[in-house]
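Worksheet: the structure to be examined is printed underneath.
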């Protein structure tokens, strides 16, 4: 019974079922070929890397009670910056130059995150509106950078980011895994997680407890920007080009979805990095599964809709109350203990 | 128990005299964003007229309504939702579903007089469903309408991912019909869809200003808890605004299908953003409770005028449209912030 | 009055929340043309009873009869339609709408479905005139003060043809003349046969206006009495039971304590410190081991004064010295660095973080002062938290329970623990005993006395004069956002003396 009440029970169950379906339907679920791991499972892991990265940043932002709609645009800009600079290189295969360019692109993303953070924390604009600005304008900026073209690059070091392998494991997945581990360390081994949850739980009370809420809030937007930039690089490295129109298109929705599936409430406060990763992998698995079981790929969105509805309803206390009638009292009941 | 608050004195709030003095500037604050948008529109128009030949032709303005008819209709629906403090991300997807369905049904030989009400009803139903989920199960509007977005666009893609031509006589007849307006020396020609869009604005404005439902929308956006305690039908109103938004999106889809005599599942992609941006630029507070349909109309015209200017110029990258809208969003949001802060 | 059948009869009302029985078989009657006071301490079940009547909560047991017929009230709308109107403690109106709309929304005069704005404004103005209010009815409500908003709420409730009018602490934000105005309206309504349920913390008001009262304690009915049959002292006894004794032994302790302050070093000195619109410039010196009590009415500036000393609000004039050195308290963070702690009067919005556990809430301020890069090791956290849960007797003694689920008194103790572990030199506590039960109140008062014995300076803000008198060495009296008098708390200072200053504003 307790396991059923765990917020991650249903997402985990759905993920397990989807993976199960994949195991049966695909001949190549997990195998080794040319010294690389290979198969549907690996596809899922590699494909989910950008979403995991974006959703990680989103988790921290949402924990503070905010939201970042601009992540898709940041992805597009970072990919555009990187590909433009690489395409102008004399030797596109120069590892040093590519690393430098990656650094520049991520630096630009951090700056964009800073912009969001300042609007939210210093100017005091509602997060959904503040980040809407960059969401709208950012894609325009990306289009300006690429001059509306798709910039192709032929840089092997860059492509490694998206499709390379290291120790038989996809590099993209390693990057995402490293980011996850870093985030967990950063939030749970330091006091950052507690302070984030405190700011998300009550900004006023946090300020009066001496927490520098403003700095922390700005920081999470910066981190979210950087992670989105990294995701944009992986995305563009994977297709070896910058596509300012479709890079990161609608990814903010998937990322928010992943966070919600992972059990972090949109109003802020308690957050779960592990839950978010589970959510992101679930979404990616869903995409892959729909293709694998030979349903028309267009049905992907339909499936997503069904999953979103099912999950949100299963996590809605009011739905449970109304459908299963387990709790009789109204939502206001929570505050009564103190009244 | 001697409580010191036995005869509390309220100071700083002020009695009636103080209040009278205070409210001299207050009613204006509601209108400041709209006036600013209007001013911006005038400036942009004058700048366009000064720089480009034929920009001052009345047809430029009339065409704004024609070219932005879909956005206008959708933004009107969005205004209702935002006024209650909600948001509807599904409108673009509902458009794609309606155009696809309309085209498919017409192609299948259904009578247009059945198709039209059917698709409008479908849009309203999708909206009502979202509203019901939001109200009854306390799911965030953002998430609920995101699910609606996936569902509607998924259905549209499922029906047909390709563009479907419409050859129905009624549809093509409406599409080809022109209305002559007695404006300027030679009159200006426009399409029926522009008239529909203007009607939508007029009806919405009347509903919001003159009906109980309209005022309930404002009340809920101002303070939903209070509205509930005052005995207002909060749930019904909430569901209704999403129904209206769904209906408007479906109507927008129909206008799309008329205008392009085709249906396509990728139609209306991202239109929800343009609609939200138009509302914000028009001074509708995203937190709810404040704003006017007129503002939304101005917001749509501003974004339309930006595109017109870029078209007239010819040398500008179309990406500038997005950037300028972003900059305007920024300017207006900061302005709203300052105005509301002052009011406090 | 007794001959008529009751308009409202509630019998055996039971309401249970997870872990709490809020109402346990409560009976309540209301007759037409009477003003009936519902009395009880915080947590007695008054609010819950009212909310079952207004349809915010559904009852788990018992029966509600209106006009003799059993009813099931399932929502505010149904309550209104059944003739039960309510004005709540916090004004529940939509401040973005105009005054007229707030009175008529949901019932606007219409013609062919179109709202008749002109008629609505006219009727609103007439109605307000009857309540002796002259307002611009087309102005948004948020241009008016809270007191005015309260009166508008009453106007709304009055206009709905109410058989039962519930006034839930309507006077808490009104001044004396506005209270009189309200009472006039209440008497008029009473004459017209309306049954009024009146809740107020002000006993004098209760005795001035009520005909009958019902006392609740801990969710149970204690008794229903005619007002003339119960003295104020008897009423207080019924409301708080026999726990008064717990406060007695503190008295002597504080007496001896009072002499301690002399010769101690000043912890904080304020000179001409002020903030326009909040508090006029004031001078203040607090010494080690000294308890300074702030007395004054709600809105007199006592909270505003305290907030300046913590950097919660920025002063716009004057200077401040901590331990003899000039400081600029730009933010709470800076104030904390100088050893100042501040516990806000708004426990739930500015104090606790409801989602976080007791442990996390307790270590929050200490952690914030260390910065996020230097976490307090978990073992250390557990040690500190266990110690303070024991020392302050926080119940339930479970450090991992979300603090939201604790009672008000225990939440207050958690907040005190939060600040005590930062080992402040000056502890500012704003209304720490408001809305908590008598037992916890006594414990907190005892704690303050002990802290001051240990050398901590305490600035103590309270609405209860007796509490201020009992604990303070020095009493500052505020009135109209101005510090009007500083008193050494000697034997000849008593509540009447302070009341006089508060009432007259005279400086001795």
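Glycine too: its Cβ is placed from the backbone N, Cα and C atoms.
Annotated features in TrEMBL:
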TRANSMEM  A:12-32  transmembrane segment
TRANSMEM  A:44-63  transmembrane segment
TRANSMEM  A:94-112  transmembrane segment
TRANSMEM  A:118-137  transmembrane segment
TRANSMEM  A:158-186  transmembrane segment
TRANSMEM  A:216-235  transmembrane segment
TRANSMEM  A:247-267  transmembrane segment
TRANSMEM  A:273-295  transmembrane segment
Any chance you could find the range in A:12-32, A:158-186, A:216-235, A:247-267 with the most Cβ pairs under 8 Å to the transmembrane segment (A:94-112)?
A:216-235
Is it the case that the transmembrane segment (A:158-186) and the transmembrane segment (A:273-295) have 3 or more CB pairs under 8 Å, with pairs at least 6 apart in sequence?
yes
Grab the same-chain neighbours of the transmembrane segment (A:216-235) for me: Cβ-Cβ under 8 Å, and only residues 6 or more beyond its ends, written as numbers and ranges.
49-51, 53-54, 56-58, 60-61, 63-64, 66, 68, 70-72, 74-79, 82, 102, 105-106, 108-114, 116-118, 120-122, 161-162, 172, 175, 179, 192, 195-196, 199, 247-248, 251
Determine which residues of the chain contact the transmembrane segment (A:273-295) at the Cβ level, with the cut-off under 8 Å and only residues 6 or more beyond its ends counted.
7-8, 11-12, 14-15, 18-19, 21-22, 25-26, 40, 43-45, 47-48, 51-52, 55-56, 58-59, 180, 183-184, 187, 254-255, 257-264, 303-304, 307
